[in-house]
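As recorded in TrEMBL:
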ACT_SITE  E198  active site, proton donor/acceptor
ACT_SITE  E274  active site, nucleophile
DOMAIN    55-362  domain 'Glycosyl hydrolase family 59 catalytic'
DOMAIN    370-485  domain 'Glycosyl hydrolase family 59 central'
DOMAIN    522-696  domain 'Glycosyl hydrolase family 59 C-terminal lectin'
Amino acid sequence: MAEWLLSASRQRRVKAMTAAAGSAGRAAVPFLLCALLAPGGAYVLDDSDGLGREFDGIGAVSGGGATSRLLVNYPEPYRSQILDYLFKPNFGASLHILKVEIGGDGQTTDGTEPSHMHYALDENYFRGYEWWLMKEAKKRNPNITLIGLPWSFPGWLGKGFDWPYVNLQLTAYYVVTWIVGAKRYHDLDIDYIGIWNERSYNANYIKILRKMLNSQGLQRVKIIASDNLWESISAAMLLDAELFKVVDVIGAHYPGTHSVKDARLTGKKLWSSEDFSTLNSDTGAGCWGRILNQNYVNGYMTSCLGVSFLSNTSFSTIAWNLVASYYEQLPYGRCGLMTAQEPWSGHYVVESPVWVSAHTTQFTQPGWYYLKTVGHLEKGGSYVALTDGLGNLTIIIETMSHKHSKCIRPFLPYFNVSQQFATFVLKGSFSEIPELQVWYTKLGKTSERFLFKQLDSLWLLDSNGSFTLKLQEDELFTLTTLTTGRKGSYLPPPKSQRFPSTYKDDFNVDYPFFSEAPNFADQTGVFEYFTNMEDPGEHHFTLRQVLNQRPITWAADASNTISIIGDYNWTNLTIKCDVYIETPDTGGVFIAGRVNKGGILIRSARGIFFWIFANGSYRVTGDLAGWIIYALGHVEVTAKTWYTLTLTIKGRFASGMLNDKSLWTDIPVNFPKNGWAAIGTHSFEFAQFDNFHVEATR
């Protein structure tokens, strides 16, 4: 057997050298050489002196906000295919962690996500889509770690203040009910819970949250704090013994691959609990590949850190966001690991960050350990190595250049990467490893580009545990003892198509699987399917805006509620919708076209907005806030009555009808030139919409 392995090793080395000297068609594929044949310093991978930090996994965020909004509307089999690429082990991104927003009714980047408790006495654990997404992730990977984190909170918790810490027990109760509801209604065990995304933490609240979790038998649920910066929370923990005890993980956002001394001194788990948020091009993939290695190399293995601190701590990186499944013109368009923003066509794109993820996720698992012997390469790049302690070893090497690995934040100081030969020597328990599987990615020009390509395996029996790689810019290698890696694939999805130019929805769904109507993206407020018990006729099933007070905000929510839909490039269109004002005297509703902003910019949205009010007036404005008034007047409108609004925009002019009768005509509208259609209300008030219909020409 040994003679056969030696012969195979010699044959593979000859094959590698021939390929290196050979055809131009394979010139971009790297070649592997015996250590004796290549110059350069050696990088030793050794576990003789113990191991480094525990690895807690790689994950991604759904939410913060509404980033998976369009995914639920995909038809099968495409929706399941997308989920497989994200969660299925040994297939695509194969994520270890899913972090979701605990919906709080507020705008949290690209939309709002509904709370399980809109009001004080209200509980509904079937709103939104995060429950569904967590179950789909668990279906594919039963071992996936689940995390919940609030961005916004329903307004009743603030008792008139835009602040979740007015009543600490009440807010803790609200969060704990979400965890309990996840288990009771969906059989989901939440593993970690956060405090308030990128906003102030309250030490007393964290302590109360821990006590309330324990009182509900949820001792296994661990606390992450504070999903913001390293400094404040870690310094507070070192000064407060009780706070130190109840915080299990220090989570920082966009740390730039660095941590701080106080965080390391705690000996707690250190996570980059939100990172990436970069366009999912090859540059975004380069960003992701670089930080997956260097978050550990730079942030947690510094010279000022003693081994005693390393032994009980662990590490993880989590990307925002999981899948770019929201209208692309909203903020941070296509900043997901993959893109799925066309449920009407079924089209999706498995972007390069998926395969960069696979280099780590398919060949490691939470509970593995980093080796201490990891670091930077002499001519740029980095390497890490992990082991399961049972003989398996995975080595990940990246050489991402500065130009092609800039993340959206923070600023990246200049560095240089150049071609190099890197020799690695396996020692300790790894010295007898006979073979390593090799997976390779090259980002950049199409002619040189490879994504997660399996190369010939590397035989080490007659090389004293040494091997050499020729490394060039923007490459990623995984060398591993595991043989389970796979580049999963399906037949290509349907071709990309624009949003349908004719679109209708009568909302006649008796038992909706999701609480929100397809393709509507709430930007302020929450619009849900509603059964109107007072109207058994035409308007028995409607879409209702259900918030009656402003939430505790995370972003600059508008003063009006609004839900957008359609093609951002729509220019000429007719929008028709039945509307029902529920609030006497002060209530009001609108339909709109050419809406040009959403997400965290929604307050400044421009467009053509056609309003009617319960006080018997109408208004036409050029913005959501109502500052730009094109027309106004009196009309016979009251609350508790259905009306049909029609808005027609053609070229530089707009006209409106009430109950199919002309109300205003040919108002000049020079800006914006294009945008989404929308519906909404004057304030946080109940109102209903039915028989929505758009006819558009571009």
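Just so you know, glycine gets a Cβ as well, placed from its N, Cα and C.
Since we're looking at a predicted model, the values are computed, not measured.
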| Looking at Cβ-Cβ distances, which residues of the chain lie under 8 angstroms from E274 (active site, nucleophile) while being 6 or more apart from it? | V61, G64, N197, D227, G251, H253, Y254, I318, A319, W320
| Averaged pLDDT score, the domain 'Glycosyl hydrolase family 59 central' (370-485) | 96
| Among all the protein chains here, how many other CB atoms are within 10 A of the CB of the residue listed as 'active site, proton donor/acceptor'? | 15
| Secondary structure content of the domain 'Glycosyl hydrolase family 59 central' (370-485), with strand meaning DSSP E or B | 6 helix, 53 strand, 57 coil
